[in-house]
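*Asks:* Structure provided below as structure tokens; questions to follow.
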Amino acid sequence: TDLPRSPPAAAEPRHASPAAPRRLREKLRTAARMAGPPAHTAPGSRQQVQGGERRAEPATGAPAARETRAPFRFDYERFRRSLRHPVRGRRTGEDPETRARRMKIKEMMKFAWDNYKQYALGKNELRPLSKNGHIGNMFGGLRGATVVDALDTLYIMELEEEFQEAKKWVEKNFDLNVNGEASLFEVNIRYIGGLLATYYLTGEEVFKSKALELGEKLLPAFNTPTGIPHSLFSPCSGMSWSWGWASAGSSILAEFGTLHLEFLHLSELSGNPVFAEKASTSQLVLNRVEKPQGLYPNFLSPVTGNWVQHHVSIGGLGDSFYEYLIKSWLMSDKKDSEAKKMYDDALEAIEKHLVRKSAGGLTYIAEWRGGVLDHKMGHLACFSGGMIALGAEHAGEERKQHYVDLAAEITNTCHESYARSDTKLGPEAFRFDAGTEAMATRLSERYYILRPEVVESYMYLWRLTHDPKYRQWGWEVVKALEKHCRVEAGFSGIRDVYTTTPTHDNMQQSFFLAETLKYLYLLFCEDDVLSLDDWVFNTEAHPLPVNHTNFKA
């Protein structure tokens, strides 16, 4: 697999792999640096070999979900009655400025959607400068990533006409019978997540049926000796394999660790336990394997179930694994005590070994390479302030304030990475070494591709503390996006946040509509809009319901 050049021009896995669990380029570049040539090709893995020849193991015995499913009907009306708040809230007594700011963000969403619809409908993303569409190679022939990613945002923002346009495309044009090389992680968080969320929000059967049909196509990726899935799969052939750059055919923590929320809901809606069983295997393997210093390295062999390297990151390659531990517990209505313990133990190890304070007093999370700290924090890692805030709500009284403070300190550091740039947008990575604090020191890390992680943390910290600075910081981001990223036909990433006349990268990422604009909008909503009592956001900001009860009809 060719490594992307920097800065990334297209569908970023949100997390730093060829896809984005905390959302790819950073993951790719990091992994390429770390991995070097694989020493051998593990059985059952697919490696790129010299000359481009590849071998793939055919799927063996993937459970055919259609054949094993018992007659089952999900009681949607009962589910909706179980929600504690109206999905779009009650909107009572808000001040005019907050409403005006929310309406501005709604206008940005409409502008992004209208231009995608005009120039790129059915392609995966819009190229706003050249006014055409981009397909990319991350989704294995699947199309319409922006459509599926935008659906729930359009619905929540009450952009009814635009929502109907997106729904019509899914009904008439969304073809799942495609072949190619797809990222399990990206397809899961964007397509499965987006379809599931929109079904739960609307009750429209087309979204459920597409999610279940696509979910079955993901199952062959789990046909490995350990049940830890390969990173890549073919939607039609049933073959799966590892990234060519991943050392010794390893799977990536942020990818196989970011399936649980969606797969539990696939089982919930289908009545077929196979999805939940597949996703739970990773938790079992990770519980068994020894953790260096209590930390989870980023690369694990799907053949042996052992770590391949000791590189630990809360940014790309690791990020959303940790997020899904606390969210799995919350989504289970606080019953999945194993996920909660894994989260608590992991956070304790992260705080002990990775959290550091700079000379200037900024708290950051470093990366760990076999015991040596790399004093760098990626934009992707800035989701962690929100995650720690979310977990703090449910920590014991003696630890709750400690974690609220830690979340606020990390979020403040990420805000500083924005405030210290000329554009008031943050770089892809920033460092704390050689006298530098919260700034990129390498040309290859100065770009901004419309990423959501910083405003995501603002949204969670706002809901936890109601400190007005988080809304003010969010509004600064809105103004910077309008000034530097808005172009004639959409929004584009920029190549250097440290110049006020930046060059655009000609890519309107699908996650900009799924996440960045949604989190900004929610920041200026009352807390009952997609209330955290009822909903857990997947790592692409698609809301999935907390499982308050069993809704089998």
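Including glycine, each Cβ sits where the backbone N, Cα and C put it.
Owing to the predicted nature of the structure, the values given are computational and were not obtained by experimental measurement.
According to TrEMBL, the feature active site, proton donor maps to Glu186, Glu428. Per TrEMBL, the feature active site maps to Asp319, Glu453. What TrEMBL lists as Ca(2+) binding site is Thr539. Annotation comment: TrEMBL describes 1-21 as compositional bias 'Low complexity'. The disulfide bond annotation in TrEMBL covers Cys382-Cys414. Marked as region 'Disordered' by TrEMBL: 1-71.
Explain the structural surroundings of these features, please.
*Replies:* Of all the Cβ atoms in the protein chains shown, 27 others lie within 10 Å of the Cβ of Glu453 (active site).
The 10 Å shell around the Cβ of Cys414 (disulfide bond) contains 29 further Cβ atoms across the protein chains shown.
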*Asks:* Run through the Cβ atoms and count how many others sit within 10 Å of the one on Cys382 (disulfide bond).
*Replies:* 32
*Asks:* Can you tell me the CA-to-CA distance separating Cys382 (disulfide bond) and Glu453 (active site), as a whole number of Å?
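*Replies:* Glu453 (active site) has its Cα 5 Å from the Cα of Cys382 (disulfide bond).
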*Asks:* Return the single residue from the active-site residues list (Glu186, Asp319, Glu428) that has the minimum number of other CB atoms within 10 Å.
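*Replies:* Each of the active-site residues Glu186, Asp319, Glu428 was scored; lowest Cβ tally within 10 Å is Glu428.
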*Asks:* To the nearest whole angstrom, state the Cα distance for the pair Cys414 (disulfide bond) and Glu453 (active site).
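*Replies:* Each residue's Cα considered, Cys414 (disulfide bond) and Glu453 (active site) end up 9 Å apart.
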*Asks:* Closest of the recorded positions to Asp319 (active site), Cα to Cα, picking from Glu186, Glu428, Thr539?
*Replies:* Thr539
